[in-house]
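First comes the structure, then the notes that go with it.
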Amino acid sequence: MTLYDVPAPAKLNLFLHVVGRRADGYHLLQTAFRFIDLADTLHFEARADGAIGRAYELPGVAESDDLVVRAARSLQRATGTRQGAQIGLHKRIPQGGGLGGGSSDAATTLIALNRLWGTGLSRSQLMQLALPLGADVPVFVFGQSAFAQGVGEDLTAVALPPAAYLVVQPDAGVPTAAIFSDPDLTRDCASVTIADFLALPTFCFGRNDLEPVVLRRYPEVSGAVRWLFEHGLRVRMSGSGACLFAEFPTLPEAVLAQEEITATMRVAGKTTSHTHPGFRLVQASTGLTEHPLRNWIAS
């Protein structure tokens, strides 16, 4: 049996506050997650020999460090299944962009192989397997827009209004660990409540506490923020960056902004009097109400 074109959507952190740090070094966060329709796709083919093989390569990521492979092996160990899988992956979500691409791929692997192998784990059981893979993995198994606390595992579903987004990737990759270990990172933001978050338009609420650190360390990102502001876009960083996003009421408005930005970049590239930061990605996306695989799991 084979599962083709299984989606792994990107996420946005609509805000991200660092409210403390545990004794073990993990940071305590408050954030709101929303999925968007920018997505990787995976393919899963069952194997009778129990092996986990990957029919793709990720630059700089060894198979032993690949979250997809680790997720598959974690599900094998937890269930005792003797089945294996050959896995394909088509990347569309930028790596090192703060959009949760690797975490989403891992969650989709848990969900899809649970279905392919017939292992029958519940959502809560899959979320328990997800957390050791990374703090962002559980929300993709949770499958809904969520207000998150703790290290990201304490999730409460929230209903968000329809929205679209313009996602921009500056010409930089940001290692998450380096940002969280920066001595200048603010780690004592006052706690907020879900009611606080829902009382304001989502793009007006809070901030991303990681953003000042990234802007200071990565001129490509700070330059992109300035350039976009000069061209009429107020953006916020997702996760630890480097991707930035602006919110719009409708997808046509986000598409128009995408077209205007790319047209301006083309003009700037042909003249000596104008410059642009050189984006790797400019993508209009729709905010999702839930994960496309949410109904693949028994609650």
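Every residue gets a Cβ built from N, Cα and C, even glycine.
For K11, D136, the entry in Swiss-Prot reads active site. Look at Swiss-Prot and you will find P94, Q95, G96, G97, G98, L99, G100, G101, G102, S103, S104 tagged as ATP binding site.
Structure coloured by features recorded in Swiss-Prot.
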residue	record	DSSP (3 states)
K11	active site	strand
P94	ATP binding site	coil
G100	ATP binding site	coil
D136	active site	coil
Additional residues surrounding ATP, by Cβ distance to the P94, Q95, G96, G97, G98, L99, G100, G101, G102, S103, S104 centre under 8 Å: A10, I93, G239, C243
Distance from K11 (active site) back to G100 (ATP binding site), taken between C-alpha atoms, in Å: 6
Neighbouring C-beta atoms (10 Å sphere around the C-beta of D136 (active site)): 28
Cα distance (Å, whole number) from D136 (active site) to G98 (ATP binding site): 10
Spatial separation of K11 (active site) from G102 (ATP binding site) - C-alpha basis, Å: 11
Same-chain residues at least 6 apart in sequence whose Cβ lies under 8 Å from S104 (ATP binding site): A8, P9, A10, K11, A39, D40, I93, D136, F140
